[in-house]
Ligand code: ADE
């Protein structure tokens, strides 16, 4: 395939598994590969956006950083879907809670992704596209979580273009629509998957609460993250 390597990914054809887990932080990708995968090998490191392939319970699986924001995950996921024949991307990230019922370390799955971004402009659609998770991945993730005894909140999340939102009531409005949490990548991933005819799912651990002054300790962050990882690895 003449499109690879790309300006952003130095992996060769066949270097990626059919399923790729994508945390935002490339060092998290390295940690996951070294902690959970058997015989992990690094397949790309362009701009230090590290990617690895190994096996989990005998099945080949990859993990690669996606960076922060929709343009970043947009580039990496587009190339994985279109140039590296990847079929499934599972984002494993963090999100800020918008609802009182959510607490730090809770696991949230994004069934749909609202957005304040103009990412869908590129498709020239005559209306508003609703970015959604793949139902097969979503329903299996919920089943796995149930078996593992991990409660999950499933619903709409917000993919925002801004972390520091200067519009004073923006969060209140999304919260009033029942949106569970805010992050910065899912909508672009869901749209890329839809356009490519591929599958995507986004899950998050709650790392902060927009309406309560709470923050995770390093140990809690790791524990919350591990529970989400266990769901993602079984799913992959
Ligand atoms: N990811 C984790 N917390 C977030 C927040 N408060 N806003 C946007 N993305 C986030």
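Glycine too: its Cβ is placed from the backbone N, Cα and C atoms.
What TrEMBL records for 208 is active site, proton donor. The purine D-ribonucleoside binding site feature in TrEMBL is assigned to 8, 183, 184, 185, 207, 208. Taken from TrEMBL, the feature phosphate binding site covers 24, 28, 47, 91, 92, 93, 94. Residues or ranges marked as domain 'Nucleoside phosphorylase' in TrEMBL: 19-212. According to TrEMBL, the site 'Important for catalytic activity' annotation covers 221.
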Integer Å distance between the CA atoms belonging to the residue listed as 'active site, proton donor' and residue 24 (phosphate binding site): 16
Residues among the recorded positions 8, 91, 183, 184, 207, 208 that border ligand 1 - Cβ under 6 angstroms, in sequence order: 183, 184, 207, 208
Residue pair residue 185 (purine D-ribonucleoside binding site), residue 93 (phosphate binding site) - Cα distance, angstrom, rounded: 9
Taking residues 8, 183, 184, 185, 207, 208, which bind purine D-ribonucleoside in the record, the widest Cα spacing (Å, whole number): 31
Cα-Cα distance maximum in Å, computed over every pair in 24, 28, 47, 91, 92, 93, 94 that the record assigns to phosphate: 22
Residues satisfying Cβ distance under 8 Å from residue 28 (phosphate binding site), sequence separation of at least 6: 65
Intrachain C-beta neighbours of residue 207 (purine D-ribonucleoside binding site), sequence separation six or more, cut-off 8 angstroms: 94, 95, 96, 104, 215, 216, 221, 224
Binding-site residues (47, 185), the one with most neighbouring Cβ atoms at 10 Å: 185
Those recorded positions, out of 8, 183, 208, that come within 10 angstroms of residue 93 (phosphate binding site) at the Cα: 183
PLDDT averaged over every residue in the domain 'Nucleoside phosphorylase' (19-212): 97
